[in-house]
Structure formats: C-alpha cells, structure tokens
Amino acid sequence: MIDLRLLREDPDRVRASQRARGEDVALVDSLLSADERRRSSGVRFDELRAEQKGLGKLIGKAAGDEKAELLKRAEQLKTDVKAADAERDAADAETQELLQRLGNLVHPDVPVGGEEDFVTLETHGTHRDFAAEGFEPRDHLELGQLLGAIDVERGAKVSGSRFYFLTGVGALLELALVNAAIAQATAAGFTPMLTPALVRPQSMAGTGFLGQAAQDVYHLDKDDLYLVGTSEVPLAAYHMDEILDGDRLPLRYAGFSPCFRREAGSHGKDTRGIFRVHQFDKVEMFSYVLPEDSQAEHQRLLEWEKQWLTSLELPFRVIDVASADLGSSAARKYDCEAWIPTQGKYRELTSTSDCTEFQSRRLSIRVREGKKVRPLATLNGTLCAVPRTIVAILENHQQADGSVRVPEVLRPYLGGREVLEPVAK
C-alpha cells in the first residue's frame, strides 16, 4: 500500500498514477474522504475519553445535585464514547479497504499506455535464418515429441487442458535448468530457498495478488489457503510482521517452487504446447533493500536475468513495461523476451519488478536504523520459468534432423551431453 501521508500531501500524484494504470481515479477521493473521517473521529474519541477520565475524578469529590449532574453527564459520555469508538473503527476499516485497492505509485519514467505501449530498451543476439540453413523450423511441441521430452496428450488426459508431462530428456532438462539457475543465483550472493506452495490469505493479499490478479489464483476453500502463482509470495511474506536490522540489508533470496495459475483471462491463447500452462516450476529472485537503493537493485536483478538468458545463448530483448500492464504492486517492471522462431516474435521469459515500499507496508516489514524504524523496499525477478525456457531452448537450438544442441552452461548438469537426440521410433 502507499503512504497515507503522501496521499494527503500530493493527491494529484496519486490520481495521475491511477490514471496511468487505467484504474479508477475516483478511488483517490473516496480514500481521502474516508481518511479524513477516520482522523476526525479519532480526535473526537480521544476528546471524549479525556473528558470521561476527568469526570471520574470530579464525581469522587462532588456531592448532592452537583454529583447527580456529573453522573448524568458520565452516563451520556459512556454512550458518546461507545458511538465515537464505533465510528472511528468503521472509518478505519473503510480507509484500509480502499487503501488495499489502490495500486503502487507508477515510476515517472514508465511509458504510459497498455500492453502494446512498452519501450524496447535493448536487443541481444541474432535470429537464426532457417531458410539459409535449408530447413523449416519445428515448433517446441513437435520437437519435444520427437525427443520424447513433452507429453501434453497424457497431461490433458490426467489433469485437463494446459497440463503436461516432462519425460526423459525433458525432465532432465528441467532439472539442469533449475540447478544451473540456482548455481548462478548462489554465486551472485542469493540464499537458495525451497518455499511453500500454499499460503494464507494475508500472505497473498500482502503481496498484491488478491486484487486485480485474484481471478488467476487457485483457492482451497476448506482450508482457506491459496496456491501460489510465484514464489515471490512466500518470499515476500517470509519476513512478515518483522523489523529487520538495517545492517543485514540487502537480503537476497532465490526461491524454487511449483507455481499454479488459472489463466482465467487467457482463453484461446497459446493453447498448443507448454508456453502457457496451469502448473510449472520456477526459480525466483527476491530482494529486501533500503528504499533509496531499490532502483539500483532493480538494475542488478535485470542484469542477472540478462546474464542468465545470454548463458543460454538465446536472442532476446528487454522492454520497459507500460503503466497499464503493471501488476498492482509494481512501480516499474522490465521484461526480458526471448525470440520464438515459429511464432516470429518475442515472448516474455523473465520479468523483474520494483515494488518500492508497497508490499512491505501491507506485510508490516520494517527496517531499523539506529532509533529509526521505517518500511523497506522489496523487489522480485524471474530467473527461470522452466516451461517457457524449454520452449525457447528447443526452438532456437534445433537442428535439421530434429535434434537440439544443448547450451554449454547446461552441459555439466546433463552429464556432458552436447545434443539431445530424437528417440528411436
């Protein structure tokens, strides 16, 4: 959530942010009104309580008619204090509810617009010219089937659409990717973590995934637990309700977890293969830093993502995501998109978001520096979303006979194997 003091001092900035997101600008005025009621009702409650306490002392010293009048006033005060308390609680609840609906403040350098209004910042690598090489590229599903690596038919039989099995070299390729990604993260100073896949509502809400993203989340009604769509959620909530020593920052975690997404708004999109699925594994980077260090940390996370994709020998570009395409918790977001030959376009493989103090305020995570305690900043970045990375590797490193060249960085994790060969029929 944002700082209420900032809202009071510069409401136009918050309105501009909401407008850039394509969200309800009127929410800002509703929140200002609720906050004013909360503050004024709090003042009234404090005044009545002070009078009530003072009256108790006077009653002890009074007698006769004076005491009777004071007792009458005390009875009225009891009613008034109760009403003021209820009014204060109601105004506070309304303020908190509206505050939870407000997105993070969009960074002023973020391009304004929707999904297609991003700005390309960098392009890396070159697209292969398959025509010059003399063959038509196969898509990742055809290649996966030739290699005995991907089985979507049995995935659908067992679990429904957008589920799959990774078999043989497909399973080995996932394990190689995960181990290589964790090795890179560990070398960069991240602490590896295996995180829970089920979290409580306060963890999901605290990271900003129960607002605009709620329809994409799986919920277990009987247990009131949520399946995470990313280990960002448990990694952010790891220090919930804690005060961290400033000398410990930055804290960097690399979480590995299964991820679950309903893909409710994706009907008809990417129905072939494993690019968009309901369950997948992912290595996620997460950082806790001082607020003034968040932009520099954001660049570091992006550099680590670029280093990873470069090590996989993939052509990719970096985009500055437009304002209306940001998640509610992100002030700024960069995506790295790999070139997918059979689609003839770049597709998202990684993303990194600077969430500033938004999540830490919601999760009550603070930092202590001497006698000063304040919210800190949180950031996240995908290192390896496994299925999409497999898609990019298969398509970009395929050879005419249906085999796939293994990027050098993965070979130590595949027993030195240099090529994935089609299985014998």
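Start at 1 and count along the chain as shown; that gives each residue its number.
Cβ atoms are placed via backbone N, Cα and C, with glycine included.
These figures come from a predicted structure and were not determined experimentally.
Here is what Swiss-Prot records for this protein:
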- Thr230, Ser231, Glu232, Glu284, Thr382: L-serine binding site (BINDING)
- Arg261, Arg262, Glu263, Val277, Glu348, Leu349, Thr350, Ser351: ATP binding site (BINDING)
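Annotated features taken from Swiss-Prot, shown on the structure.
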{"residue": "Thr230", "record": "L-serine binding site", "DSSP (3 states)": "coil"}
{"residue": "Arg261", "record": "ATP binding site", "DSSP (3 states)": "coil"}
{"residue": "Val277", "record": "ATP binding site", "DSSP (3 states)": "coil"}
{"residue": "Glu348", "record": "ATP binding site", "DSSP (3 states)": "strand"}
{"residue": "Thr382", "record": "L-serine binding site", "DSSP (3 states)": "strand"}
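Other Cβ atoms within 10 Å of the Cβ of Val277 (ATP binding site), summed over all protein chains shown, number 21. Contacts of Ser351 (ATP binding site) defined by a Cβ separation under 8 A and a same-chain sequence distance of 6+ are given as Val321, Lys333, Tyr334, Asp335, Cys336, Gly381, Thr382, in order along the sequence.
Here the C-alpha separation of Glu284 (L-serine binding site) and Glu348 (ATP binding site) works out to 15 Å.
The residues near the L-serine site, meaning same-chain residues not in Thr230, Ser231, Glu232, Glu284, Thr382 whose C-beta sits within 8 angstroms of the mean position of the site's C-beta atoms, are Val233, Leu235, Gly255, Ser257, Cys259, Lys282, Val283, Met285, Phe286, Asn380, in sequence order. Recorded residues Ser231 (L-serine binding site) and Arg261 (ATP binding site) have their alpha carbons 12 Å apart, per Cα-Cα distance. Within the same chain, the residues at least 6 positions away from Thr230 (L-serine binding site) whose Cβ sits under 8 Å from its Cβ are Ser257, Cys259, Lys282, Glu284, Asn380, Thr382, listed in sequence order.
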